[in-house]
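*Asks:* Pulled these from TrEMBL:
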type	residues	note
BINDING	GLN17, HIS118, ASN162, TYR297, TRP419	substrate binding site
ACT_SITE	GLU163	active site, proton donor
ACT_SITE	GLU373	active site, nucleophile
Amino acid sequence: MKMPKDFLFGAASASYQVEGAWNEDGKGLSNWDVFSKIPGKTFENTNGDVAVDHYHRYKEDIALMAEMGLESYRFSISWPRIFPNGTGEVNEKGLEFYNNLIDECLKHDIVPFVTLYHWDLPQALEEKGGWKNKETVDAFVRFADTCFQSFGDRVNHWITFNEAVIFCSLGYLTGAHPPGIEGDVKGYFQTTHNVFVAHARAVELFKQNGHTGEIGITHVFNPAFSIDDAEENKFAEMHANAYATHWFYDPILKGEYPEYVVNGLSEQGLLPEMTEEELDVLKRTAPMNDFIGLNYYSPQRVMKNDSALVMAGGRENSTGRPGNPSFDGVYKTVKMDDKVYTKWDWEISPEAFLAGMHMLKDRYGDVKIYITENGLGDVDPIVDGEIMDTPRIEYIEGHLRAVKHAVQQGINVAGYYAWSVIDLLSWLNGYKKQYGFIYVDHNNGLARKKKQSFHWYKEIIATRAEDL
Ligand code: BGP
């Protein structure tokens, strides 16, 4: 089988991870510009000041994407480039950059898939309480509106937020991302709610203003599976899926929160502050979501937590080390002897990917799905000057095959975006952890070079994955 004609083969990036030009052309500070400069926060204190200089080299990069036959490019818009202070005056130079980027994509017949928020919050808003402050929600809606009006004539695919679970949990539970707060469980749930409301209001505005095209949200897809059939571990699985998946997907796709989590949070006094109006906007916008974006890298294997430990959750903390407890101490994620892991200890499982998509279909029906990220973080071997990233090819091949099976089994997957199109800054792992089809030589003026996977993906796209 060939993948359907309108299925989009793409690859992704995010503004802070590729652009650089952190203080050029009127851009304001983002929370990451500030956070990454606090000593010890990132691997070898790397930051995105220059990143891979996509801001200046986007033409060269898009030409390479075109050469690969890429059908769609998912990138994000840096909010502080458009509104240096988060709100107030628009920075025309910021709009100009994204106008150019979009036009360059279209020139090469590459469909731009735009993420509005991929974590680089204007620092001015972070200082006023960030996502805990509901004024950030209003500011986001204004930013979204500006993007719809400025780019909506050419952009037909919009993602409001990337991975709320990560920026909220790493921001407020583990402190690994800005604003670097640890253990604020109530704050964590409040920020997730505020983000869902911001999403819903942006979706409503998009539809009310008659913009054409599709709008949705991208979530981490980290389905939990019990390590065995023991009742207590099955319970851990149910609990993990409720808190890590249903809490995030239900308000978007069903327009209401999962009862199990609401009850649990109420008992502990952790339920976010929510108004009737907010609950209402979630309810009425649920049917307006055109798709859900899934970022899938690995599943979680869970079991009952038998220690007294309670620790912050989230993938950064839970897959790297065996036996990490969840934030509420009910379950823990474990590494299993019979599973395969990356160098960063993320499990590789196309089977769990497919099983997880079926779990979603069972709960949410035929909602359209885009795989908005999937890929292998690795240290690529260089042999005689060639970047031989065979493990990446194998990883993507396995997962694309799972997508193909999903489509054959009636799951509505409309596109696949590998993470990432080019080697870029890994938030906490610097430039060491590579994901791209295109290599960037940091010892040679950031020169670009095609990897083995570049040629492989080109062939996959050209044949519409017929041979997978
Ligand atoms: C996702 C993010 C991406 C990217 C990816 C890989 O959570 O949306 O921006 O960073 O994970 O993560 P890492 O760089 O930590 O390996």
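Quick reminder: no glycine exception, Cβ is built from N, Cα and C everywhere.
Automated prediction, rather than curation, is the source of TrEMBL annotations.
Map these features onto the structure and tell me what's around them.
*Replies:* On its own chain, TRP419 (substrate binding site) has ALA11, ALA12, ASN295, GLU373, ASN374, GLY375, TYR435 as residues at least 6 apart in sequence with a Cβ closer than 8 Å to its own Cβ. DSSP assigns TRP419 (substrate binding site) to a strand segment in the three-state reduction.
Annotation note: GLU163 (active site, proton donor) sits in a coil segment as assigned by DSSP.
DSSP assigns GLU373 (active site, nucleophile) to a strand segment in the three-state reduction.
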*Asks:* To the nearest whole angstrom, what is the C-alpha distance linking GLU163 (active site, proton donor) and HIS118 (substrate binding site)?
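*Replies:* Per the Cα atoms, GLU163 (active site, proton donor) and HIS118 (substrate binding site) stand 8 Å apart.
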*Asks:* Sort out the sequence-distant neighbours of GLN17 (substrate binding site) for me: same chain, 6+ apart, CB within less than 8 Å of its CB, listed by position.
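*Replies:* Sequence-distant Cβ neighbours: GLY48, ALA51, SER420, LEU424, LEU425, SER426, TRP427.
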*Asks:* Those recorded positions, ASN162, GLU163, TYR297: which ones have a Cβ sitting under 6 Å from ligand 1?
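*Replies:* If the test is a Cβ under 6 Å from any atom of ligand 1, the answer is ASN162, GLU163.
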*Asks:* Which state, by DSSP, holds HIS118 (substrate binding site): helix, strand or coil?
*Replies:* coil
*Asks:* At a 10 Å cut-off from the C-beta of GLU163 (active site, proton donor), count the other C-beta atoms across all protein chains.
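*Replies:* I count 26 other Cβ atoms within 10 Å of it.
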